[in-house]
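Here the structure is laid out as structure tokens; the discussion comes afterwards.
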Amino acid sequence: MKVLWVALVITLLAGCQAEVEPEPEPEVQLGREWPRWQGSQPWEQALGRFWDYLRWVQTLSDQVQEELLSTQVIQELTVLMDETMKEVKAYREELEGQLGPIAQETQARVSKELQAAQARLASDMEDVRSRVAQYRSEVQAMMGQTTDELRGRLASHLRKLRKRLLRDAEDLQKRLAVYRAGALEGSERSVSAIRERLGPLVEQGRVRAATVGTLASQTLRERAEAWHQKLRGRMEEMGTQARDHLEEMREQLEEVRAKVEEQGSQMRLQAEAFQARLKSWFEPLVEDMQRQWAGLVEKVQLAMATSPTSAPIENS
């Protein structure tokens, strides 16, 4: 179930709107539109697993859905909400640290967007938890009755959620591309600014050296050349520092990517463990029902086998 919340974190951090379109949507079976969303990044794969999990839940029986909507699940949702908000805060602080060299105006704008996304995320997660609790109450109130209407309502909500997730995921891809391009452009712009500032100085030094070489003695030429070499060495030093800073930023981006991959692997293992736990819940019930059915069939066969012998005894 952590996959669900991580997917919500990613989509809502991109600044997507949490509003659901009120107009009706055509009936579409789950799984028909998903192939058009493809991705190789860990968060994109997690988004696909999240929707597969929702589709799997919808196909379960009433009894299994009652188990999933128990009080324990609500408590787990609350714990996941707290953990998710901690991860969002840590990620926001880390991203703000990565944006340190950028202009103050850009940094303030990005920080404001992230804070707004964090607030929207908390509100949306609370809404999801309320919807789950409401659906659980409706199922309990209709115990022994048909739940087709509730299933239809759940399917409609999932279709709207899918449309919003697809839209937000595409928006997130664009935002990530823009942020990455902006970071690289900022680094290149810093190197270009250094070259622009040192270029006139170097050119001025060359002109002055040529003038001094024309009007002065060999000693003055040597001094001018030494000054030129000094300026050149300073320019190379500053250029090296700029390249080192760019390489450091790239290494930090690689560390962030490795951390995201590690967290994705952990969440995948937790999802597999949760699926195994669900399987262990229902396998004993299925085996018990099979045993009871086999016993019932055996009793019926035994009764049918003994019925012809009992009839003559009653006639005598």
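The backbone N, Cα and C atoms fix where each Cβ goes, and this holds for glycine too.
Here Swiss-Prot flags L161, R162, K163, R164, H228, Q229, K230, L231, R232, G233, R234, M235 as heparin binding site.
For 79-254, the entry in Swiss-Prot reads region '8 X 22 AA approximate tandem repeats'.
Look at Swiss-Prot and you will find 157-167 tagged as region 'LDL and other lipoprotein receptors binding', backed by similarity to another entry.
Across the range of the region 'Lipid-binding and lipoprotein association' (209-289), the DSSP-based residue counts are 79 helix, 0 strand, 2 coil. Residues annotated as region 'Lipid-binding and lipoprotein association' in Swiss-Prot: 209-289.
The feature region 'Homooligomerization' is assigned by Swiss-Prot to 265-316, with similarity to another entry given as support.
Feature annotation from Swiss-Prot assigns region 'Specificity for association with VLDL' to 277-289.
Averaged across the repeat '1' (79-100), pLDDT for the predicted model comes to 62. The repeat '1' annotation in Swiss-Prot covers 79-100.
Taken from Swiss-Prot, the feature repeat '2' applies to 101-122.
Sequence annotations record features per position, and here Swiss-Prot assigns repeat '3' to 123-144.
Residues or ranges marked as repeat '4' in Swiss-Prot: 145-166.
Look at Swiss-Prot and you will find 167-188 tagged as repeat '5'.
What Swiss-Prot records for 189-210 is repeat '6'.
Annotation source Swiss-Prot lists repeat '7' at 211-232.
The feature repeat '8' is assigned by Swiss-Prot to 233-254.
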